[in-house]
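> Quick paste of what TrEMBL says about this protein:
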TRANSMEM  12-34  transmembrane segment
TRANSMEM  46-68  transmembrane segment
TRANSMEM  88-105  transmembrane segment
TRANSMEM  125-148  transmembrane segment
TRANSMEM  154-172  transmembrane segment
TRANSMEM  184-207  transmembrane segment
TRANSMEM  213-233  transmembrane segment
């Protein structure tokens with residue numbers, strides 16, 4: 001237990017919490033968009049269920065680190081490309097994310113989500129939760145592999161995951177409400193998910209895209225959308241004068 005007094009351990013814990021939060025943002029956005037399909041009374045339950053399942057999955061993966069390491073060993077090769085279990089999971093997750101984001105974009109661009117008011121009522125709670133679980137599994141794998149590469153102590157990794165998910169639970173309701181009240185934000189978030197889906201597919205094929213490029217593109221897009229929202233707010237304010 002002497003590692004508790006080690007400042008480097010605490011620095012690693014804080015760094016890992018921040019990284020877990022950053023890696024969890026795309027997961028949180030996807031949960032917010034899926035929860036919107038449910039009746040208002042079920043959205044909070046789906047959101048909380050999805051995040052708790054994400055935490056459980058990450059803790060279970062951390063507890064089986066020895067098995068997790070074997071996922072990076074090549075299973076088979078196709079010409080010059082070698083595929084491990086992690087690569088296959090990334091490919092599946094990437095294509096799933098591309099499919100879901102494309103379908104969601106199509107609904108919103110065609111106006112189907114508002115044209116048919118019964119559509120949202122038709123969304124089944126456990127069907128939405130099942131989709132959340134699939135994406136949780138993909139994002140959890142990436143998150144846990146990052147944690148294993150950064151910190152040596154299992155207790156520190158688990159503490160970082162628990163703190164990060166708890167913070168996301170606190171922020172998720174506000175994020176969900178904000179996303180639901182701003183249709184252009186939903187389109188922007190779905191575009192991010194498409195970009196993340198492409199990066200997962202590329203990573204599955206062995207082409208690593210530095211995360212910094214993705215975050216820079218996302219940050220620039222968020223800045224442009226913030227200016228757009230400010231312009232809309234100012235137009236509305238001056239129109240009432």
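Positions of Cβ are set from backbone N, Cα and C atoms, glycine also.
Remember, TrEMBL labels are computer predictions, not curated facts.
Owing to the predicted nature of the structure, the values given are computational and were not obtained by experimental measurement.
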> Any chance you could find the range in 12-34, 46-68, 88-105, 154-172, 213-233 with the most Cβ pairs under 8 Å to the transmembrane segment (184-207)?
88-105
> Applying the under-8 angstroms CB criterion, which one of 12-34, 88-105, 154-172 scores highest with the transmembrane segment (46-68)?
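Ranking 12-34, 88-105, 154-172 by Cβ pairs under 8 Å to the transmembrane segment (46-68) puts 154-172 first.
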> With CB pairs under 8 Å as the measure, which of the listed stretches 12-34, 154-172, 213-233 comes out on top against the transmembrane segment (88-105)?
12-34
